[in-house]
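Record features, source Swiss-Prot:
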- 48-67: compositional bias 'Low complexity' (COMPBIAS)
- Asn64: N-linked glycosylation site (CARBOHYD)
- Asn92: N-linked glycosylation site (CARBOHYD)
- Asn99: N-linked glycosylation site (CARBOHYD)
- Asn130: N-linked glycosylation site (CARBOHYD)
- Asn174: N-linked glycosylation site (CARBOHYD)
- Asn225: N-linked glycosylation site (CARBOHYD)
- Asn244: N-linked glycosylation site (CARBOHYD)
- Asn346: N-linked glycosylation site (CARBOHYD)
- Asn363: N-linked glycosylation site (CARBOHYD)
- Asn386: N-linked glycosylation site (CARBOHYD)
- Asn398: N-linked glycosylation site (CARBOHYD)
- 36-67: region 'Disordered' (REGION)
- 91-115: region 'Disordered' (REGION)
- 1-23: signal peptide (SIGNAL)
Amino acid sequence: MEILLIVLGAVVAGLLCPVQTAAEATITLTGSDIPTSISIHHGTRTPTSSGELSQSTFSSSSTNSSDSFYTTTSASYTLLVGSHTTSTVTANETTLSGNATATETSREPQPTNTRPCNGYAEFCARSYGNITQVAAHNSPFVRPGNIASNQELDVVTQLNDGIRMLQFQTHLVNGTIYLCHSSCDLLNAGTLESYLKKVADWLRDNPYDVVSLLIGNGDFVGVKNFTAPIQSSGLIDHVYTPKNHSIALDDWPTLSEVILSGKRAMVFMDYEANHGEVPYILDEFTYIWETPFSPTDRNFPCDIQRPPGLNEADARKRMYMANHNLNLEISIAGATILVPNTVLLNETNAVSGFGSMGAMAGNCTEKWNRPPNFLLVDYYNIGNVNGSVFQVAAKLNNVTYNGKCCGRTTSLASESVLGRLSGKLEMIYSMIVINILVMTIL
C-alpha cells in the first residue's frame, strides 16, 4: 500500500537534509500550506508513530526491499493516504455499490489518516478515476427568476458545499469569452476570466482539494481563445497537464499525487480541444462519456449518448458522467425549448424513489459495474433531505457524508408566494427574450 506523509507547518529551505539513496527522489512542490519538497522511498516498513517520521514525504509500495529509510523526528505530520475497503451500501432501499478497491491487509499497524483529500481521508490513495463527484450543471447561471438559471448558490458556496466539478457554457462575444446560457441576451453571467478567478482563489485557500472544470464550447471556437482567461485569472498556476493525451480509466493519478503536484484543476472541454495546441485543456470525450444530455425522461437511462458511436468496450475504459438534470419541454411561438424542471427538484435530487439520483446511480452502477464518476445536477442544494446529492455520492464512494450544506427540502415551485414574486419581473423579461429569439430563428 502506498503511504504518503505530509508535514504540517512551515518548512524552511535548508533545514531538512535527509540522506538520499538511489531508491529516493526529490519532488518540488508549490503552495503555501504544503512542504517545499518530498522524498519518495520504496520499502516494506511503515512508520507507526510520529517519532519515526521525518519532515519529508515517503511512499512505501515495494514488497521486495528488505529495509526502509526514515529519519527520526517528533515534528507534527499529516498522513495523506486513504484506506481501501469494499462494501455494498443501501440508500433507502436503493442499493449502491461503491468505488473503493480492496487491498491486502498489512502485517503491521498503519497510521491513521488525518488529512482529507476532497473532503474525505479515504480519497487520498484512490485514483482520480475511481471517485464519484457531484457536478454543478451550468454552475455560473445563478439568476433568481430567470428561466435559464440552473443554480441558486454562487460558485464559492458550491465549492464550499462539496461540488467538485463545475460545468458551464461559453460564448465568444467581440473577442471575449462570456458565460451565457444559449444566448447572452437570455442569461449573461459575466466573463469566463472573472469566474475562473474565483475558482483560482478558492483553490489557493484549499490546498488539499482537486476541482474539475468542464467547459461547454457553445460557439465551437478554437481552443486558444480560452488560454487568456485561464492565464489572466490565475487558474493557470493550478491546471493539470497529463503526460500524454489519452489516459485510461485505471491510469489516473491518485488524489494525493495530484495534490502534491500542486496542479489541482482538471480542465476539460467538450468540443475543439486540441492537445497539441493547448495540452492542459483536455478533450472531454477522450476521457469521459455521457448519458443522454438535457434529459426529460425521469427514468434517466444510463446509455451512451456522447460521444456518438462509442462502443461499450471503449466506454468501459473511460470515466463517465450521468446527466441528472431533469428538463421540461415548453412551447413558445410554435418552437419547443428545454428549461430546468424545478417543480420536481426535491424528487430528482433525492436519495431514493422514482426519478431520484439514488435510483439512477443504482441503475448505472448495475449496468456498468461501477458508479458514475460525475453526477451532473441542477440546484444541487435542493433535495428530499439535507445534502441529498452529496449523500448519494458518498454512498457510491463507500464513505459517510457528514456535511452540513445547503439542503432545502422543498422544490422551488413550493416556495412562498413572496419568494416567487421577487423574481417575477426577470421571469417575464426572460420569456420576452425567448420569444424574440424564437421569432428570429423562424
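Here the Cβ of each residue, glycine as well, is placed from N, Cα and C on the backbone.
Location within the structure of each feature annotated in Swiss-Prot.
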| residue | record | CB count, 10 Å |
| --- | --- | --- |
| Asn99 | N-linked glycosylation site | 22 |
| Asn130 | N-linked glycosylation site | 23 |
| Asn174 | N-linked glycosylation site | 5 |
| Asn225 | N-linked glycosylation site | 18 |
| Asn244 | N-linked glycosylation site | 8 |
| Asn346 | N-linked glycosylation site | 23 |
| Asn363 | N-linked glycosylation site | 16 |
| Asn386 | N-linked glycosylation site | 16 |
| Asn398 | N-linked glycosylation site | 23 |
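The two recorded residues, Asn363 (N-linked glycosylation site) and Asn225 (N-linked glycosylation site), show a Cα separation of 39 Å.
If you take the Cα of Asn174 (N-linked glycosylation site) and the Cα of Asn99 (N-linked glycosylation site), they are about 45 angstrom apart, rounded to a whole number. Using CA atoms as reference points, the glycosylation sites Asn99, Asn346, Asn398 were checked against Asn386 (N-linked glycosylation site), and the closest is Asn346. Taking the C-alpha positions, the distance from Asn225 (N-linked glycosylation site) to Asn346 (N-linked glycosylation site) comes to 38 Å.
Close to Asn398 (N-linked glycosylation site), meaning Cα to Cα within 10 A, are the following glycosylation sites out of Asn99, Asn130, Asn244, Asn346: Asn99. Between Asn99 (N-linked glycosylation site) and Asn130 (N-linked glycosylation site), the C-alpha separation comes to 6 Å. Note: the Cα of Asn244 (N-linked glycosylation site) and the Cα of Asn346 (N-linked glycosylation site) are spaced 42 Å from each other.
If you take the Cα of Asn130 (N-linked glycosylation site) and the Cα of Asn346 (N-linked glycosylation site), they are about 28 angstrom apart, rounded to a whole number.
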